[in-house]
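Student: Could you have a look at this structure, given as structure tokens, before my questions?
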Number of protein chains: 4
Amino acid sequence: MTAVTGLEQAGAVLAAEAARFASFGWMRGTSGNLSVLLSREPFRLAVTAGGHDKGELTAEDVVLVDGRGAAVGGGRPSAEAELHARVARLTGAKAVVHVHTVASVLMGRRQPGGIVLKDLEMLKGIGHPAEGEEVTLPVIANSQDMRVLGDRLEAARDPRMPAVVVAGHGLYVWGDSPRQARHHTEVVEWLLELELAAG
Amino acid sequence: MTAVTGLEQAGAVLAAEAARFASFGWMRGTSGNLSVLLSREPFRLAVTAGGHDKGELTAEDVVLVDGRGAAVGGGRPSAEAELHARVARLTGAKAVVHVHTVASVLMGRRQPGGIVLKDLEMLKGIGHPAEGEEVTLPVIANSQDMRVLGDRLEAARDPRMPAVVVAGHGLYVWGDSPRQARHHTEVVEWLLELELAAG
Amino acid sequence: MTAVTGLEQAGAVLAAEAARFASFGWMRGTSGNLSVLLSREPFRLAVTAGGHDKGELTAEDVVLVDGRGAAVGGGRPSAEAELHARVARLTGAKAVVHVHTVASVLMGRRQPGGIVLKDLEMLKGIGHPAEGEEVTLPVIANSQDMRVLGDRLEAARDPRMPAVVVAGHGLYVWGDSPRQARHHTEVVEWLLELELAAG
Amino acid sequence: MTAVTGLEQAGAVLAAEAARFASFGWMRGTSGNLSVLLSREPFRLAVTAGGHDKGELTAEDVVLVDGRGAAVGGGRPSAEAELHARVARLTGAKAVVHVHTVASVLMGRRQPGGIVLKDLEMLKGIGHPAEGEEVTLPVIANSQDMRVLGDRLEAARDPRMPAVVVAGHGLYVWGDSPRQARHHTEVVEWLLELELAAG
């Protein structure tokens, strides 16, 4: 994928990514949102517009926001754009995925202190060794206040783990590009589905 | 989506919605039916024709009914058209979805007095707060008499909840448009799948 | 669907039905086979050819067999063609579906004496009342001898039930047309998935 | 399928197979890899290139390796290419599939000494009798050292079973062609999903 420089181009990429996640059932209703960084100085993030069916987005269904998630040049970003911007600033990620998966909510309920993973080859897909080391996927409490939610994410996140589970809510996952963020999301969800089925 | 004014246009919209639900496995066999309101005065509702595969509907596979679910101008509506009409009159909804999902039948069996939901961000997708409030999805007993079934739905429904589970049967869900009814259906089904898997 | 009169036309119909079932994961590997009756006097049944991927059949991947499942005019029918022919003769069905589903094998293991179903609207999709009556889906022991398997099916089948579970094997389902057999298959599988998940 | 003689042709075949497995959710992230034999003397195996999304491979995303998994003529094979080559040499297979499925990891965890299967018609799809005989799908411990992993596979494999589960990792499956390897993979995964759901 070449660098994403224009807003409409970013919108097209996000629409394609969203359609893929929607086809997995991870963006039911109008849930979830995706973002990709256009520039870090000044901070400009393209975020999917709220209220749309994520399987039907077009290249225009995107809003440009600054480092606090406020709209730049029009459009009404979803409230969660603030958290996307914070994740991108905090982690250095260039793409953020937020999806609502059943497995993430159930595993967050079962292991509210963090989901422990170990001895799984799939861990390599999120930068961890396949064997011998315990890895914890952080779980944070939900909040409707994006500042509070961001503080929790900042406090709980593990710099070596590109994802956080929000209890009763879903997943935030990030990466260096929309494609890497997608792969991280798929890997984290696979791990959660595995542990959920393990009982 | 622009306002649906003609019967064939309504049929095309319903066919597309039905194909989507069928792809999810929520309309197996020839089960389920969808409707969209054409006018309230006189009351005219377009309902999918009975007996068809819901993944193969065309714009012609639709019947126009009045406020009691009786055909207007030909065609043989399914018996459940009467309930669709009643839901549209009772709730003010402009679109009604009826699907047969495994999760709704199992959760209706497990919690016959109503399915309690709480502290789930996804509740916002059906107009409820994400945190702190218990929400109940009503469950009503099944009946082959549409008047009885409608009475039960009317007695049990919560005006703030755009859905009812019919025990041993499936889901009725509604909204201001076919797309909103779809989103409500996806959200309710997601919640039911979550609670089912929670055990 | 118009009457199926030619072998290639039958092959095209069966290929489309098989691709659909394969997409559901009900014909993994090269498992399962489908058939449609071309004439009853003389008895001529078109059966999908064995050994092929059921998602990749063409109109040519079909064999014509007589009432004992023996090839008429060339081709090598699968051994199970004999059972398809027997089901079509015994039940008067014009189309037979044989698929390998996980739910049918697991439910046959759990309830080897027959799978009891009751108070489910979906039962109407296979000709039974939705309420008040116990319905039993027969389960028969598997055999590699098609005559033995046919005898078991004949002894166990309920004339009011268009399906039999073969233990450790899968489902046989039939109907008046490929489409009706498909709908019966979808309904039976939905019921089995429901009861399996009910635990 | 005609014999695969050229590298790009092999790449096209592997890309199509990978897209299919990816659509099943068996190659999440960039996990898994596929290979097909081009010649045995000298030993030349085409293996999917590492690091790519397996649903987006093109005919160029393939690397040619020798009998030890070392690149021939450029490209950077994945580390697992060595194991693909060893499986093809050891078993005489012409195609090898490596996928990461949830069911294989969970069943390997549940039955680390080998997964016992019996009285299942589906066993015929991997060359075993449907009835009366116990069949064991070997499970081997994972390793990051491909030589160690290959030794374990060689020690544990059953010549009559075209598959091995790697604990905490996934499945290796093989066959006489990419299509047969696909069918073996589908059958093994079906069996694993069945036993997993059987509890």
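Just so you know, glycine gets a Cβ as well, placed from its N, Cα and C.
So TrEMBL lists these for the protein:
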- C:H98, C:H100: Zn(2+) binding site (BINDING)
- C:12-196: domain 'Class II aldolase/adducin N-terminal' (DOMAIN)
Student: 10 Å Cβ neighbour count around C:H100 (Zn(2+) binding site)?
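Tutor: Around the Cβ of C:H100 (Zn(2+) binding site), 25 other Cβ atoms lie within 10 Å.
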Student: Return the count of C-beta atoms lying within 10 angstroms of the C-beta of C:H98 (Zn(2+) binding site), excluding that atom itself.
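Tutor: For C:H98 (Zn(2+) binding site), the 10 Å Cβ neighbour count is 27.
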Student: Over the domain 'Class II aldolase/adducin N-terminal' (C:12-196), work out the mean pLDDT and round it to an integer.
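Tutor: 97, rounded to a whole number.
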